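Below: one structure, written as structure tokens.
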Amino acid sequence: MKRASFRSASVIVAAAMVAGAIITGLLPGYWTYLATSVLISAVALQSIGLVAGRTGMIALCQMSFAGVGAWTVGYLNVGGAPGNLPVWIFIGGLAAVPFGVAIGLPALRLRGINLAIVTLGFATAFDAILASITFPGQTKFIAVPRPEIFDSDGGYFIFVLIFYVFLAVGLEFLIRTRLGAIWLAVRHSERAAAAHGISIPGAKLSAFAISAFIAGISGGLLAGYLGTLVADNFNMMQSLALFAVSTMTGAQFAEGALIGGILAVAFPEILRRLNLGQDIGNVLFAIGATQALSAGESMSETLRRKVRGWRKAAPAPLDAGARIAPPAAVPLRHGTALSTRGLTVRYGAVVALNHVDLAVPEGAVSGLIGPNGAGKSTLIDAVAGFLHSYSGSVELAGDAVDDQPAHVRARNGIRRTWQTTRIAPELTVGAYVRLAGGEMSDAEVQAILNWIECPHPDTLVASVDAGTRRLLDVAGVVAARPKVVLLDEPAAGQSYEETIKLGRHIAEIPKLFGCAVLLVEHDMDLVRAACSEITVLDFGRVIAAGAPAVVLEDPRVRKAYLGIEEGNAAA
Amino acid sequence: MNGLLTSAVAGLTAGGAYGLLGVCAVFTYRLVAVVNFTSAAIGTAGTFVLVVLNEAGIPLFPAVLCGLVAGVIAGVAIGLVMTKWFAESNASTKAAVTVALLVGIVAIGLRLTGGQHPHHFPDLFSGSAMRLAGVELTISSLLTIGLGVAFTILADVLLSRTRMGLHLRALSERPMAAELIGVPVQFLSILVWGITGAVTAFSLMIIAPQRSPDFMSLSLLVVPALAAALIGLFRSFWMTLIGGILIGVVEGMTSVIGGLNQYRGAVPFLIILAVMLWLQRGARWDEAR
């Protein structure tokens, strides 16, 4: 994990040093001037890459945040504030953060599209306000001075390059932390993220605030670059174009932001030299972004996929950690881990669950079976907090959790998996286990993965087959060592041998991780192998409960599954 | 006080146009499940066809007709992109696509219309309709609001009372499933895009003479339109219409309060913020993905 961050960071620093030497040493002054512009655009693109590409939100006011940063720098300059440009730029970045938070807070708890509307609204409002208050120093032509040693075009290029490298390296480290994994998880599936105990508004707000900071920095850099600014530099069309470019190139990656910066500067420059309108560049960005959205893949993602294909990185050998012992056994608890009382769920006129009383004992695996539509998944949704309303109550170790939202229930010890796996494919296997289970040592991660026979922690989830991802789902929930684990058809899509093996692993969960397990499954071999007791649901009611051998022979259960009385079937 | 009332009434034309645009946005969202950021740009394209033809000496009425047709064509063109490549995408991706398309349309529009080059926007319906309590009500304000009400009633009836409305609702929920049971998905979606193209073009024609008449500014009228749609929660046509009128009226009132006029552009944002805060009462899950 750390090693990967250091590796990317050193690649960035080395590339920057080479590029810096070439551009300032060999290229004519005008090219250096353009290259500075590329870097400033790349910083702005990184800011939108963080919210749009990485966290999956549509943010349409990044240039307004940049405008806040630039305005602050101008204000500090005109006001004769202490310090110099680098300090002011940093303050400008910080000044953009409260704006980001103030806009983000009301929108982030709601559906994603609202953020697009509110940010576009802010961009219009900011345009109107900026046009009337103007930039500090704009009317008196007071330029923002550059630091003395960075005053030349080449010097300012180096100045901007240093900022770019700092931000790019910082982001490389940030995206490999748990917070980085959280952003990807939120983008991929908000529900799945909440099921890991992640507060969705918190995750989005952190991304939005950091992004506003970076955008503010880009504005400050632009202030030093141009000296004097006009409102048009931060016009909302610029924000929209920035969104299109970032979508097209994948600005959440360092190379995507740089490619985007190059395109954003090169297109208008080429068009200008050809005596064509510079705005035609935006048409190309629009087409590029539409293409990327329809392919579901930005330029950098395509690039990364190709590079991975060339390298054919041999999946790290499993035996590397084969000697690592499985997780140590924990003392078993006694009592009832989870219970529902009179749990009732209605969808309109349909009663999906009808006064269900269910108890999941500590230290054991309980099964929940029933024909399709019996209400099994609805029960998991209700218990884990994913339904808007239900009546009755859910108790975790005797405490009612009914007023807790999903992520709080997850933190307090109710973890679930999904019928279809919802792991963000951009994560590594190890990062996913940490995302689900919280911070833990490399040895712990390795031990859990070895126990359930998942690949090496550095393997990318995208390169793992669907069956193994189901196992990874299970590894994730048990890694958190919650009080209760709800497994929703973990064997769906697995082969017979895999299912038998999975059954063995599930049976070990209470002993190794101290969790009670509620297993929802159709595969009776798995249920028999893993469960010490079974509850049967049919049409939202409990029709039988008890030891597997008894329950599975119950004629009512057989009828629910086969749809006929056994005697009639013979006749 | 009378000044405030006069200016509030002066905002009615814009308000009616916002309401109409907002109702179109809700119509598009409920029927083809797209939050369309290009709607005002589509209307702007139609409006500029009118302007250019009119400047070339073609009488107003046929020019308006051609403008409406251009609106339909532009709407259908966007609709084809959305139905061909993004029919099964989630709402967020579709919205992102329309944002990207907006960037392209504005660039093309600015190029074709000569950027800030001034154009003459004919006032389609000038003059006063009546005086009410000493305040002029213009024809265009009555017309936009009347049209808004008519379109709202029509949309409501179509959606909740007719078989076609049922088909359209099925289409927006599950396009694939709707197609499988024999709903002419492609045809209906394109129809929706065409209708909203014509209606937005007409609203833009009415409001354009009051605005800075360049392609970009007019295309960005999508902001008050979406703000209005948000007031209607992207569901209720009536609330959207009322919300649009409200935004126009508040904007109008800023013109009399000293020094506030130049901040008129911030009004939709403040209203959006207020609505968002009001909606904060419960977390909503993004659609299951």
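Cβ atoms are placed via backbone N, Cα and C, with glycine included.
Residues or ranges marked as transmembrane segment in TrEMBL: B:6-27, B:34-54, B:60-83, B:95-112, B:132-159, B:180-209, B:215-234, B:241-260, B:266-283.
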The transmembrane segment (B:132-159) vs the transmembrane segment (B:60-83): 3 or more CB pairs under 8 Å: no
Listed stretch, out of B:6-27, B:60-83, B:95-112, B:215-234, that has the most CB pairs under 8 angstroms to the transmembrane segment (B:241-260): B:6-27
Stretch among B:6-27, B:60-83, B:95-112 sharing the most Cβ pairs under 8 Å with the transmembrane segment (B:215-234): B:6-27
Non-local residues, at least 6 beyond the ends, that sit with Cβ under 8 Å of the transmembrane segment (B:95-112): 34-38, 41-42, 44-45, 48, 74, 78, 81-82, 86, 89, 214-216, 219, 222
